[in-house]
Amino acid sequence: MKQFVRSQSFGAVIGVTVMLIAFTVIDFSGWWNRSTLANVVQFSAILGLVAMGQALVIMTKEIDLSVGSVYGLTGVAFITLEPKLGVPGSTLAALAIAAAIGAFQGLVVVRGKLPSMIVTLAGLFAARGVIYVWTGGTVQNFSEAARNNWLTGLLGGQIFGIEAAIFWMVGLCLVLNVLLWGTRYGNRLLATGGSLDSAESRGVRTDHVKILAFMLCSLLAGFAGILTLADRPQTHVTLGDLMELEAIASAVIGGCLLTGGRGSLVGAVLGAFIIVSFRYELIALGAPSSWFTTFVGIVLIVAVIFNQYLARRAGHSV
Amino acid sequence: MKLISKILAATALAATVLPVTAQAQDGKKLRFVMVSHIGSNDPNMNWLTLALKEFQEKYPDVTTDYISTNNYSVQEHVRLLEQAISTRPDGIAVPIVSSDAFEGPLRRAIESGIPVVAFNIPDGRPDGERIPYVTYVGGDEYLTGEKLGEYAVAEAEAGHVPKPTRVVCASHDAAHEGLKQRCAGMRDAMAKVGAQFDELFIGAEPATARNTLQSYLSSHPDTNYIFTVAGWSAPWAWGVANDMGLDPDVDDKGVTVLTVDEGPVSIEGVRQGHVLATNSQGFWLQGYAPMEWLYWNIKFGYAPQQDILTGPIIIDKDNADHWAELVRGVFGEEAYNQQNTW
């Protein structure tokens, strides 16, 4: 129990618990029904994938502002390349684009010794610009044959009546947790974010660690974009617009500290669940939908204060 | 409306009568700039750039420049406008996205002798207070919503679609005055038959928009009309309602979807029976007519005494085929088919 309380995702678990109690009291029948939960969990899975990638980068004491645009560009590439490459080919090509963006940004950050905020801000604009230029303003349609392709069904359909995105998110969350907590790379990633000098003095190639973290972040964002469009291919050039802010908020609410070296992938997913749930429930309760933005700001501040408090209690210097 | 028709007719007549190869008096080419809020991320830009191209072909003594940005903000638009003014063009066409923000630069331009025509969005203030531009050429956002609403009510009374009980206006930009006006027009039209009305900010991100709209429809089960104020968000609305089993196709039951614009998505939505109606605000004319009024103003001192409305025109199942043909001509067959995302 003591270990659980000291864990990085404890704040997010408390947040989810409080939220669920509040929704149960305020709107029991509206919240606890299949339609609501299916919708919220599906969109939480999509945002959760992006948030997990963001969490990995934040744990290395960096940040990636380009994830929304990478999510959009990868999704657009998946749709646009499909007529020439087919669904499997366009999926691989789109993911390759995402990985290349992540690798490039990581390289520029570590080799150029530039702040990741600036590099990925440039990435945000550049990727969005490519979407505009490439599409000419309109993302093309996804053919009937492509919609019926087996891979499209596996990425965007339903499995046992549950949206495929949820299975993908759970599966990837498990894999990434094993990577983070059960491999040398995970140990090095946390060490890099915790104390760069100390990690380097122990022979950790922090540059490699960071580049791989950026690549994973872009890949996860891109994969989330593909899952979104495989499910609903009707989209627009605004795909992923401002998603980077929700992803960062999810990671921070989920226990990631911007000072690096501490964070939780499960927490990031729970943070995404909190954000999506509140958006849904605020509207269901009749609040103007733009109040959601205010809400995210408030929750973010509360989460940072609470997570810092927990981190200090756990003996981390923040 | 009669007066407007007369003005439009006069415009058309003058266009045919004026000599097509008129040269500027000093032999120098005139240069008009259109500083637009419609960037290349909006397919409607094709209407405007095509209109400018055709204007140049008809008036070879004029060159036109189309200036816009995809990363839109009022500040960015003002910056583009000031840059354009500093190049000393012979005329400017600009949408008055924010009368406060545009007043300073436009008044300075007008005082320095550069004629200005507002297009697409007028200065919404009373006559005496508004920026003294030559004229306004464009649609009326309020009328767009109102006429579509009135059309839906008439169709409901004819028994073709359900009687409106609750209408949601799904908007992707909470701060866009034009979109608010579209919602307001719809609200007023629907109020006449006692329908409840809500304006819902769904955002421009597709997944977020669907999540938001589904939440609204779940908590407001009496909603039976969705009005999307952008054509590209109509398939999202239809998809959400369809997933929820709300029967969103055009028939006498379930949810009915209304949208705007004459883009391929909107027109094909109507043709395929997913959307009851959409509208055209005469985008081509909004590109062409401002250039002609600038030209006539400079050459002959013409200045219309009233705004020139280029829409709305309702597009429904009766005229959608004709519009599809027209739009194919502007966008091209391949682009038209690609942009049909239904």
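Just so you know, glycine gets a Cβ as well, placed from its N, Cα and C.
Noted in TrEMBL for the protein shown:
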type	residues	note
TRANSMEM	A:12-32	transmembrane segment
TRANSMEM	A:38-58	transmembrane segment
TRANSMEM	A:87-110	transmembrane segment
TRANSMEM	A:117-135	transmembrane segment
TRANSMEM	A:155-180	transmembrane segment
TRANSMEM	A:211-230	transmembrane segment
TRANSMEM	A:242-258	transmembrane segment
TRANSMEM	A:291-310	transmembrane segment
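With respect to Cβ pairs under 8 Å, the transmembrane segment (A:38-58) is most closely packed against A:211-230, considering the stretches A:87-110, A:211-230, A:291-310. Ranked by number of Cβ pairs under 8 Å to the transmembrane segment (A:211-230), the listed stretches A:12-32, A:87-110, A:117-135, A:155-180, A:291-310 are led by A:87-110. Across the candidate stretches A:12-32, A:87-110, A:117-135, the maximum count of CB pairs under 8 A to the transmembrane segment (A:291-310) is reached by A:12-32.
Remote same-chain residues near the transmembrane segment (A:12-32) are listed as 253-255, 264, 266-267, 270-271, 273-274, 277-278, 281, 284-285, 299, 303, 306 (criterion: CB distance under 8 Å, separation of at least six residues from the stretch ends).
For the transmembrane segment (A:117-135), same-chain residues at least 6 beyond its ends with a Cβ under 8 Å from one of its own Cβ atoms are 63-66, 68-70, 72-73, 76, 80, 101, 105, 108-109, 237, 239, 244.
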